[in-house]
Amino acid sequence: MTEASENASATGGVAVVIVAAGRGARAGQANGPKQYQNIGGRAVIAHTLEIFLAHPRTDRIVVAIHADDHELFRQAAGSQAERVTAIIGGPTRQESVRLGLLALKEHAPGQVLIHDAVRPFVDADLIDRTISAIGENEGALPALPVADTLKRESAAGVVAETVSRSGLHAAQTPQGFPYGPILAAHDKAFQLGRLDFTDDAAIAEWAHIPVKLVPGSPDNVKLTWARDIAMAHQRLSSERTHFPDIRTGNGYDVHAFEPGDHVTLCGVAIPHDKKLSGHSDADVGLHALTDALLATCGAGDIGTHFPPSDPQWKGAASRIFVEHAAKVVRQRGGRIANADITLICEAPRVGPHREAMTAALSRMLGISADRISIKATTNEKLGFVGREEGIAAIATASVVFPGEVPE
């Protein structure tokens with residue numbers, strides 16, 4: 001786990017509410033609600049979910065959908081649907097958010113991001129900026145300064161005045177808040193019949209919760225009109241015509257046995273009559289994968305980031321290393337496409353624990369289980385592995401980076 005995600009966990013984690021219950025009349029209904037329309041080969045909501053599921057600082061995700069959209073959501077989200085909680089939203093965006101916040105109550109997150117499903121071009125950096133700006137009793141709003149000249153219309157349909165754009169910003173999502181205060185604000189607005197707020201920063205303002213502005217992104221557009229869907233599809237289709245920058249990294253690690261009662265492999269403790277010797281928990285599989293991930297963006301190796309001479313890593317869980325490497329990859333624009341680990345040992349048996357290992361890696365990397373492969377083989381009694389003196393691991397990671405392969 002990264003340092004940032006460790007801090008978030010200590011305060012209850014960073015949850016996400018994604019609002020996807022709207023009917024999208026302005027974008028047209030010919031192809032269904034806009035969050036389920038196809039752009040670049042997938043539904044809009046699938047692009048949105050991918051970003052948040054992959055982000056190392058986000059935790060539980062709740063999606064508020066329309067009562068009629070169960071099958072649409074299942075088809076659009078695919079394997080992602082198993083990793084989020086879908087609830088029935090309300091008749092308005094405001095009520096859908098309130099219901100989403102209530103669905104998180106038993107999990108008591110420390111912070112929450114609220115995002116429109118129809119903003120599929122949100123990026124990891126914007127999410128990071130928003131989370132980092134959330135205070136103990138202070139929200140965070142990504143926004144862009146208004147660039148267009150603004151006119152106020154009169155009742156007669158003519159220009160009444162030119163509005164100064166000084167200090168004006170266009171609000172975006174995700175909007176971030178400490179969980180308790182924003183839930184209380186939504187509940188109070190509901191009880192008082194104040195159902196006219198158009199975003200959550202407005203509710204926070206009404207409830208006297210300070211909201212800090214953070215730089216938004218020009219790419220983080222909301223798909224509102226039919227032409228927006230067409231432009232988004234064109235944008236993604238155009239990006240896919242380039243030869244993608246797919247990079248592959250390899251990692252290798254080995255640890256010797258010493259007296260103990262279990263080994264930790266790929267994040268799972270396995271009972272054994274020995275343990276692996278190392279400065280951390282000696283998870284040979286995760287160490288190899290950490291090197292493989294870092295190799296995809298030329299970011300050194302595990303020893304560069306977590307030197308064994310540093311006492312703070314003594315006995316540390318190796319998931320910290322993997323999640324850090326995944327964050328480094330994402331900060332450099334990468335998207336993890338696949339992770340493959342081969343464990344080389346005579347014992348213990350890996351097969352009975354493969355499913356748990358895959359699930360653990362899925363959580364660490366923020367990718368679906370079908371993009372993870374964990375294999376095991378013996379060394380046919382040859383060498384130190386064959387003599388059961390230790391375990392070796394080989395890992396390969398594939399990462400897609402933006403842009404094209406340079407000539």
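From the backbone N, Cα and C atoms, a Cβ is placed for every residue, glycine too.
Model confidence over the region '2-C-methyl-D-erythritol 4-phosphate cytidylyltransferase' (1-246) is summarised by a mean pLDDT of 89. Annotated region '2-C-methyl-D-erythritol 4-phosphate cytidylyltransferase' per Swiss-Prot: 1-246, in sequence order.
Taken from Swiss-Prot, the feature site 'Transition state stabilizer' applies to Arg26 (among others).
If you draw a 10 Å sphere around the CB of Lys34 (site 'Transition state stabilizer'), it holds 29 other CB atoms from the protein chains shown. In this structure, Lys34 (site 'Transition state stabilizer') is part of a helix by DSSP. Here Swiss-Prot flags Lys34 (among others) as site 'Transition state stabilizer'.
Here the Cβ of Arg165 (site 'Positions MEP for the nucleophilic attack') has 13 other Cβ atoms within 10 Å, regardless of which shown protein chain they belong to. Positions annotated as site 'Positions MEP for the nucleophilic attack' by Swiss-Prot: Arg165 (among others).
Classification of Lys222 (site 'Positions MEP for the nucleophilic attack') by DSSP places it in coil, neither helical nor stranded. Residues or ranges marked as site 'Positions MEP for the nucleophilic attack' by Swiss-Prot: Lys222 (among others).
Per Swiss-Prot, region '2-C-methyl-D-erythritol 2,4-cyclodiphosphate synthase' is recorded for 247-407, and the stated evidence type is sequence analysis.
Less than 8 angstroms from the CB of His255 (divalent metal cation binding site) sit Leu276, Ser277, Gly278, Ala282, Val284, His287, Gly390, Ile391, each of them six or more residues away in the same chain. The DSSP secondary structure for His255 (divalent metal cation binding site) is strand. Annotated divalent metal cation binding site per Swiss-Prot: Asp253, His255, His287, in sequence order.
The annotation 4-CDP-2-C-methyl-D-erythritol 2-phosphate binding site is assigned in Swiss-Prot to Asp253, Val254, His255, His279, Ser280, Asp301, Ile302, Gly303, Thr377, Thr378, Asn379, Glu380, Phe384, Arg387.
The annotation site 'Transition state stabilizer' is assigned in Swiss-Prot to His279 (among others). Sequence-distant neighbours of His279 (site 'Transition state stabilizer') (same chain, six or more apart, CB under 8 Å from its CB) are Pro308, Trp313, Lys314, Gly315, listed in sequence order.
Annotated site 'Transition state stabilizer' per Swiss-Prot: Thr378 (among others), in sequence order. Reduced to three states, the DSSP call for Thr378 (site 'Transition state stabilizer') is coil.
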Around the Cβ of Asp253 (divalent metal cation binding site), the count of other Cβ atoms that are within 10 Å: 22
Around the Cβ of Ser280 (4-CDP-2-C-methyl-D-erythritol 2-phosphate binding site), the count of other Cβ atoms that are within 10 Å: 21
For Asn379 (4-CDP-2-C-methyl-D-erythritol 2-phosphate binding site), the one of Lys34, Lys222, Asp253 that lies nearest, given that the recorded positions are compared by Cα: Asp253
Under 8 Å by Cβ from Ile302 (4-CDP-2-C-methyl-D-erythritol 2-phosphate binding site), same chain, sequence gap 6 or more: His287, Thr290, Asp291, Leu294, Phe321, Ala325
Of the recorded positions listed as Lys34, Arg165, Lys222, Asp253, the one whose CA lies nearest the CA of Thr377 (4-CDP-2-C-methyl-D-erythritol 2-phosphate binding site): Asp253
